């Protein structure tokens, strides 16, 4: 859980330094919805913090008369001119409401929708209000404005931020662009334009301690540990020997458009404070956040959209909101589930929910918390939620920041990020202390990497569906809607006004307040809202005062395109089958001005260095990785001075096979020592699939990814099963104690020993045991039993044991046995006569069959393929009599002639099995019934339907039914 901590009380300075102050009139409910939309539009430019120590910013303001006109030849382009601060600011604006879903709805809790519709949205549909663009043609500038009820919003130009809003006397009037036939309009409506420059002060973001110790089976594992492949293409040196074609996965490492369908919730404190302007205010905040997530520095195509806004008018009908931020988050996460449709096809289904409140939130130590969210929960319906404290337009920063946590981003100063960010400053959105936002790269390399890895590992599948009817987000800059005075009121209360300070124009908002009975200026070190006027023809954009005429240079979106593939990187292993990568960047060109990010494969990978590794005392590669942690395990378990780690396979979920789960030898505790094994590590002992970036991908027995080659029953890669023979037997015993059943020689493959208890009994007093060649016991020796399923690693061979308490006690192994083992049965008490069956396969001898050694001999060729894959087939081979020179002969003894045919594929074929009929779908009239259809192997395992004979597939597994005629 990530609590967000601001700067505390903010920074103060004597009022004598602030010059003449004009107190803004109260700006109430008719504007608040509009304000909320603008605030949302600015979220991507804000952070989750609110107080810091830093130098003051420069800030001043002027009264201006905005002039709007349609651009000639461009029906959708609107030109806004502002004369302020001794310059002309020309804004070239385009409608921009992409953050609103077409099917966006506004709902209320505690009042009827009909009675509140007009109160919440007196201006009707707000989607047409919002615009974005550039200032004075500067491609590095940015603007986000609303042109409804006057000009409101913010813009950024050349290091200065501008915020514009109607002067209080005209706050409820409406300013709209002229019709296309009219060249311009300039109604005599004064606006307050504020300009601000950001200082070097920082905003602090506190987090709970992030555990990175090994995670036990009873603990909760962190999801934000970095992966192993680099952000940039590595150098080709030591790349390893590539093997086979490049493996390009269908879903892994693919840049796909993601749509974050969002529900915005405002509690009663928000409704009381913002009144009818609440909806617009929320959407303004969200539109700013949406623009941040469109920035190419996030290295993904992520669109934030609103599908629903819910306003709570009766406190008791909403989630319990208290000063305890963590408890409020838990309450909200639990409460919001009732408002979400379980079907992703529902237009009102949302992927994440955000609660906005005016309640002062507190963390575990201070009340400087501005927001809270869990990490990496975006597709978890129960935990994909955030809580935001609304303290003004800067709440947009908090929203972008908290959504970053939901997308699995840690803070930039977390140790996970050290290898990515290096000596990183605090100028990115996920910084724990923000000094100044780098608008050219709002997301740090670590943030981009963490969200990319998170999505590549399948944690964002709920974001793949494009919303049907998103609500349009406002395009107006927030500073055009809310002047500096109003921004101060949002942050410090209704009595606060803007403190003019030429040194902090656009960069830091200073507001009046009282301290010790004295009138002072105070700040929370956030810039003026974009769009706040900072001079004649200028306004604030991204903390800088820019000319409005430069808007044209960055108003046109530039869509990104992929650059060339880079060189192949280093192989993850020096032998035994590793993985190497090549990457490409979305830099040809880099997307700009809200242009689309590249879609398609960003990473390719392939197998490399597949040669056998030198013998390492029979240890597997996973064993080596577990043992590498022995020297770091200083904690004692019981009386043991240190811990020896061995791989754990039994009981590990299939989705966790590529985590390094190791067991403390002789103790039984197991932990996830690493979130991912090294690329190329086999997923399990009985599979040739390998791990790639924490995911199990198919590979052949030749260690090549996507290869179809398999081991046959003889353990030969790509073989046909003709080089070995099956050895089996059944043993019974009645004497107490340990008794040998069979000694399985080295080289045996596909070993299976089964001990079935009598029907209705879980144990009959007899148990399997394994003894090594040196007489030591590997399993169930010295009358000590292992009751649970486990994996036994012996000389590089993994033996899987079911546990003595299983109804079918079983020992299995698939790889060739390195040393002989003796299978025993332990009889205790008055045990019933056990029935134990064993099977394994051994390589055939290849000596020639000689009839007359000195003159001629029978010469045989390899067995051909079996005529069937199951159900009893035949194999043939050529058997010829030849002399010592290899010529055909007839002197061979016929009585010793080897057989030229033999039966094969003696295992029963997979069979179809149908289940019982389901109840009729209707209680009367004509309905239908169905039954399950499965393809089963000879031992009862479920196979894919393709494994069974399609000609024998039952045809009637769905049928009509009539229980009774309807009356």
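Glycine residues also receive a Cβ, built from the backbone N, Cα and C atoms like all the rest.
Secondary structure at residue 402 (active site), as computed by DSSP, is helix. The active site annotation in Swiss-Prot covers 402 and rests on sequence analysis.
If you draw a 10 Å sphere around the CB of residue 405 (Zn(2+) binding site), it holds 26 other CB atoms from the protein chains shown. Marked as Zn(2+) binding site by Swiss-Prot: 205, 401, 405, 411.
Among the features that Swiss-Prot reports, Ca(2+) 2 binding site is placed at 261, 344, 465, with the record citing similarity to another entry. Over all protein chains present, the Cβ of residue 344 (Ca(2+) 2 binding site) has 14 other Cβ atoms lying within 10 Å.
Residues or ranges marked as compositional bias 'Polar residues' by Swiss-Prot: 213-227.
Averaged across the domain 'Peptidase M12B' (258-467), the predicted model reaches a pLDDT of 89. The feature domain 'Peptidase M12B' is assigned by Swiss-Prot to 258-467.
Per Swiss-Prot, domain 'Disintegrin' is recorded for 476-558.
Across the range of the domain 'TSP type-1 1' (559-614), the DSSP-based residue counts are 0 helix, 15 strand, 41 coil. Under the heading domain 'TSP type-1 1', Swiss-Prot lists 559-614.
The annotation domain 'TSP type-1 2' is assigned in Swiss-Prot to 854-910.
Here the domain 'TSP type-1 3' (911-967) is broken down by DSSP into helix, strand and coil counts: 6 helix, 20 strand, 31 coil. Residues annotated as domain 'TSP type-1 3' in Swiss-Prot: 911-967.
Residues or ranges marked as N-linked glycosylation site in Swiss-Prot (evidence: sequence analysis): 547 (among others). Non-local neighbourhood of residue 547 (N-linked glycosylation site): 87, 88, 89, 90, 135, 136, 137, 138, 157, 158, 537, 538, each in the same chain, at least six residues away, with C-beta under 8 Å from its C-beta.
Among the features that Swiss-Prot reports, N-linked glycosylation site is placed at 720 (among others), with the record citing sequence analysis. Taking the Cβ of residue 720 (N-linked glycosylation site) as centre and 10 Å as the limit, one finds 16 other Cβ atoms among all the protein chains shown.
Per Swiss-Prot, N-linked glycosylation site is recorded for 764 (among others), and the stated evidence type is sequence analysis.
Positions annotated as N-linked glycosylation site by Swiss-Prot, on the basis of sequence analysis: 782 (among others). Taking Cβ-Cβ distances under 8 Å and a sequence gap of 6 or more within the same chain, residue 782 (N-linked glycosylation site) has no neighbours at all.
Counting every protein chain shown, the number of other Cβ atoms lying within 10 Å of the Cβ of residue 945 (N-linked glycosylation site) is 12. Residues annotated as N-linked glycosylation site in Swiss-Prot, with sequence analysis given as evidence: 945 (among others).
Marked as region 'Disordered' by Swiss-Prot: 198-252.
Annotation source Swiss-Prot lists motif 'Cysteine switch' at 203-210.
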Neighbour-count leader, CB within 10 A, binding-site residues: 401, 411: 401
For residue 402 (active site), the number of other Cβ atoms found within 10 Å of its own Cβ: 27
Residue distribution over DSSP helix, strand and coil in the domain 'Disintegrin' (476-558): 17 helix, 32 strand, 34 coil
For residue 402 (active site), the one of 261, 344, 411, 764, 945 that lies nearest, given that the recorded positions are compared by Cα: 411
Set of same-chain residues at least 6 away whose C-beta sits under 8 angstroms from residue 465 (Ca(2+) 2 binding site): 259, 344, 345
Environment of 261, 344, 465, the listed Ca(2+) 2 site - residues of the same chain whose CB lies within 8 A of the CB centroid: 259, 345, 349, 351, 462, 463, 464, 466, 467
The one of 261, 764 whose CB sees the fewest other CB atoms within 10 Å, among these recorded positions: 764
Candidates 261, 720, 764 (recorded positions) - the one closest to residue 411 (Zn(2+) binding site) by CA: 261
